[in-house]
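One structure is given here, and the rest of the page talks about it.
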Amino acid sequence: MPILGYIAKRGLQAIFVVVAVTLFISFAIRLTGDPAVMMRESANVTPEDLERVREGLGLNRPFLVQYWDFLSGLVTGDLGASFFRGPIAPLVSDALGATVLLALTSLVVSLIISIPLGVYAARHRGSVSDQIIRLLSLTGLSFPNFWLGIVLILIFSVSLRWLPASDFRSPASLIMPAVTIGVILTATNLRIVRTTMLDTLNQQFIMVARAKGLSERSVIYKHALRNSSIALVTYLGLQFGSLMGGLVVVELVFNWPGMGTLAVEAIAQRDYPILQTVISFLAIMIVAVNLLVDLVYMALDPRIRLE
Amino acid sequence: MSAFKSFEFVAGIVLIALIALIALIGGAVLLSPLLFPGGGTAQSLVDRLTPPFQTWEYPLGTDPLGRDILARVVVGGRVSFFVGISSAIGAVAIGTVVGLFAGYYRGVWDTFLMRFADIQLALPFILLAITVIAIIGPGLDRIIFLMIVAQWVQYARLIRGSVLSLRRAEYVQAAQCYGLRDRAILFKHILPNAMGPLVIVGTPNVATNILLESSLTFLGLGIDPLIPSWGGMLAGGRNYIQTAPWVTIFPGLAIMLTVLGLNLLGDWLRDRLDPLGRTT
């Protein structure tokens with residue numbers, strides 16, 4: 001019962017947040033005024049076009065009805081039409097795929113760097129290398145991520161001509177954006193790995209594992225790392241929001257065809273239905289990831305259930 | 001062993017040097033109207049795209065409109081510091097008041113705070129800013145306002161946590177027995193004892209906000225491009241990255257050094273004031 005109660009409570013919380021956020025976004029977008037009039041300002045459209053847009057968007061109906069349509073559209077996949085670029089659904093699904101690909105690759109890049117370095121720093125606490133790793137991670141936190149992207153383009157595309165600078169044409173296009181975001185993520189992840197490993201290494205079961213005569217490698221990677229990975233997963237979940245925020249900017253630097261580029265293009269064209277859908281989608285993804293992390297955490301560590 | 005000790009020492013020196021550098025930048029930033037009367041906006045098309053370290057007139061070179069990059073970096077720093085510091089102060093002020101009430105009275109205040117925190121987690125600042133600025137338009141005041149709206153919650157939760165433990169403290173109970181009004185208890189007795197962590201969280205927050213402001217300005221959603229700002233310089237220099245990389249590199253370095261210095265300061269404060277790591 002407490003478990004089911006907890007899941008239900010967390011689920012209700014998540015639903016509340018999704019409703020609040022999407023309601024806020026829809027309301028804010030609606031404040032921009034009559035989209036048809038704005039289109040007349042920005043492009044040559046006939047009155048019939050305006051009527052078609054109003055009709056297509058259902059703008060003559062009350063706000064809450066429109067909002068409900070928007071919400072059910074998110075579920076059914078019928079996302080309606082944008083102002084200038086046809087139906088929204090294919091645009092968003094392409095962009096979402098590109099963004100998820102980039103996010104996951106960056107995450108993998110970051111874990112490959114931060115786990116060994118973080119473990120090393122924790123095992124050699126206070127040593128020169130620990131201090132250097134700490135300083136490096138602080139430096140990583142001090143970059144504007146898009147500037148790192150620009151510098152990478154300068155080095156690897158302009159000077160060395162090794163990698164394509166923009167767009168998504170080949171797997172090689174993925175390297176620089178993924179490294180850019182991966183490095184920024186690593187700065188935080190390194191600290192988390194180091195702290196959680198320090199906590200774990202001080203616990204009794206590690207002493208027992210060592211006393212059993214297990215090899216140090218086995219103690220560290222099989223016992224300690226596995227236990228600290230629970231905390232790591234939680235932090236990764238909490239970080240997911242800022243990862244999405246960072247992605248938006250980095251995508252633009254590399255002209256990556258993801259959600260961020262789509263959103264910024266939508267702002268430039270004043271294509272607000274696209275903007276509304278993109279931001280809502282990202283927010284829902286963040287809520288979903290956080291919910292998932294909470295539930296996984298509960299499955300992994302039964303002690304948290306009573307909280 | 002001595003090598004480790006001396007490393008800590010060296011790291012300390014480096015840290016202080018960096019902070020001094022920040023202070024220097026800050027000082028130059030404050031004095032910049034005197035040093036650079038043109039405010040970094042004076043154009044000289046004859047001198048356009050002068051590379052750095054060539055002339056004394058333009059030590060860091062010029063941009064495509066022949067504007068002095070050094071002057072623009074220094075003047076742009078004023079914007080960055082202003083945004084970073086004023087938004088953090090605003091968020092601390094609002095967060096402190098709400099946190100005090102939520103921790104002391106619980107109930108509605110508490111529920112409001114926690115639900116707001118949930119929402120804030122789901123809408124990261126960049127996404128919130130993109131949505132709102134697309135509608136109300138870009139601007140310095142709007143960015144600061146949005147940062148305060150997005151960030152007061154973390155301070156409120158911090159203060160709330162401290163108040164929850166302090167409200168049972170003996171001196172608070174004593175104050176209650178004397179018949180002091182709630183407001184006096186909250187602001188005169190509880191607040192001074194709950195304020196410590198604010199500094200620890202606030203310092204890196206200034207750094208984060210400088211980064212966020214430059215990101216937004218880079219996207220064209222921040223500061224007016226006519227005002228020199230680090231993010232704006234990066235956005236403007238991006239198209240000249242092949243021919244004139246210095247236009248982009250120097251403002252980026254300025255951001256990096258400033259933010260690194262603030263983060264080092266924050267780390268040092270944390271180690272000093274909170275050795276047990278309770279605020280992380």
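Glycine too: its Cβ is placed from the backbone N, Cα and C atoms.
Those TrEMBL annotations? Automatic predictions, nothing curated.
What TrEMBL says about this one:
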TRANSMEM  A:12-31  transmembrane segment
DOMAIN    A:96-297  domain 'ABC transmembrane type-1'
TRANSMEM  A:100-122  transmembrane segment
TRANSMEM  A:143-162  transmembrane segment
TRANSMEM  A:174-193  transmembrane segment
TRANSMEM  A:230-254  transmembrane segment
TRANSMEM  A:274-300  transmembrane segment
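Listed by sequence, the residues of this chain that lie at least six past the ends of the transmembrane segment (A:12-31) yet keep a Cβ under 8 A from its Cβ atoms are 63, 66-67, 70-71, 74, 272-273, 275-276, 279-280, 283-284, 287-288, 290-291. Residues 99, 102-103, 106-107, 145-146, 149-150, 153, 165-167, 173, 176-177, 180-181, 184-185, 188-189, 192-193, 196, 199, 260-261, 263-264, 282, 285-286, 289-290, 292-294, 296-297, 300-301 of the same chain, all 6+ positions outside the transmembrane segment (A:230-254), place their C-beta atoms under 8 angstroms from a C-beta of that stretch. Long-range contacts of the transmembrane segment (A:100-122) within the same chain, counting only residues at least 6 positions beyond its ends with a Cβ under 8 Å from a Cβ of the stretch, are 129-130, 133-134, 174, 177-183, 185-186, 189-195, 197-198, 201, 220-221, 224-225, 236, 243-244, 247, 251, 256, 258.
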